[in-house]
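Here the structure comes first, spelled out in C-alpha cells, and everything after it is commentary.
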Amino acid sequence: MEYINWDNYSLEDLFGDIDNYTYNTEMPIIPADSAPCRPESLDINKYAVVVIYVLVFVLNLLGNSLVIMVVLYSRVSHSVTDVYLLNLAIADLLFALTLPIWAVSKVKGWIFGTPLCKIVSLLKEVNFYSGILLLASISMDRYLAIVHATRRLTQKKHWVKFICLGIWALSLILSLPIFVFRRAINPPYSSPVCYEDMGTNTTKLRIVMRALPQTFGFIVPLMIMLFCYGLTLRTLFEAHMGQKHRAMRVIFAVVLVFLLCWLPYNLVADTLMRLQAIEETCQRRNDIGRALDATEILGFFHSCLNPLIYAFIGQKFRHGLLKIMAFHGLISKEYLPKDSRPSFVGSSSANTSTTF
C-alpha cells in the first residue's frame, strides 16, 4: 500500500480556492398547488361576523317569539297557514339557540368538542330543510285556495298536523348524514373546526352524501314553490282581485328572499370546488372559504327575516300584536282597529282573496 505524504498538499490543492467559492443559497421552487395551504383570516373579519351573528340572534328571538305569541294568543281556531308559520317560527328559534356557539367558533375555532359539533350541526340542517319544506307547504296551500278556490283538503286540521310531523321527520332524516359524520377536527396550520370526517375519501363521499338531501330538501321544494306561486300569480292577474297587489308583493318576497338567502350558499357549498367543477388551489380554497362565510350569513339572516315576510307584512298580524299589547296595558285600546280579525294570515275560505 502506497503511503501519501500530506505535507506536500495545501488546503487549496484539496478544496480549491475557498475564498472565491460561491454557495447556492436559493431554495427550490415549490409549485403553488404543492405548498401547504394556510387559511387566510383577518381578526377584523372574524369580529364583524360575530357582530352579525349577534344581530341575527336578537332579531330571530324577538321576531319569531312575537309570531308564536300572536298565534297562540289567537282566540279562534288557527288557519292552516297559521299552523305552518308556527312550526316555521319554532324551527327558526331552535336554530337561534346555536348562533352564540357558531359566533364563538368564528373567533376561537371549534373548542366545544365532537358531541356539541354534532348537535348544533343537526339543528342547523333541520332548520334549513324544515324551513323550505314548510314554505313549500304554504305555497301549495295558497295554490289550492286561490287557483282552485278550495279549502276542502287543507281545512282538515288533523291532516295539517300530520303534514307538519312528516316535515319534521323528513328534515331529521335528511340531516342524519351530517349528524353521523360531523366531528371536531384539528387540521394543520389552522384552528379546530367542526366538519365531516369520512377518512381518505372525504371529498368523494361528501358529494354523494349531499346529493340526495339537496335534491329532496332543496331543489324539489324550490320547484314546488316556483310552480305554485307562478300559477297563483297568473290567477290573481286574470281574476283582477282587489287584494292582488298585496298578495303579489308577499309572494314575490317569499320566493326572492329565499333565493337570495339560501341559493348562493348552496351554490358555493355543494358545487364549484367541492363538486370539482373548478380546479382546487390554495388561493381558490381561501376564496371559497370567504365566500362560504358571506353566503352563510345570508342564509342565517333568512331565519330572522321570516317574521317580517310572512307576518309583519300582513295586516292581521299587526292587529293581533296590538291586541296583545292592549291586553297587557302597554298601549291604549284606542289604537286597536275596529274590525281586526284574530288570524294574522288573513285567508278566506269563501273566496280566493288573501292577505298573506
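Even glycines carry a Cβ here, placed using N, Cα and C.
The topological domain 'Extracellular' annotation in Swiss-Prot covers 1-46, 104-118, 182-206, 270-290 and is backed by sequence analysis. The N-linked glycosylation site annotation in Swiss-Prot covers Asn8, Asn20. Per Swiss-Prot, the feature transmembrane segment maps to 47-73, 83-103, 119-140, 162-181, 207-229, 250-269, 291-311; the stated evidence is sequence analysis. Taken from Swiss-Prot, the feature topological domain 'Cytoplasmic' applies to 74-82, 141-161, 230-249, 312-356, supported by sequence analysis. What Swiss-Prot records for Cys117-Cys194 is disulfide bond.
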Stretch-level contact, the transmembrane segment (47-73) and the transmembrane segment (250-269), CB cutoff 8 A, at least 3 pairs: no
Number of Cβ atoms other than its own within 10 Å, given for Cys194 (disulfide bond): 21
For Cys117 (disulfide bond), the three-state class that DSSP assigns: helix
Packing count at Cys117 (disulfide bond) (other Cβ atoms within 10 Å of its Cβ): 23
Folded-back contacts onto the topological domain 'Extracellular' (104-118), same chain, C-beta under 8 angstroms, at least six residues removed: 46-47, 49-50, 53, 179, 182-185, 190-194
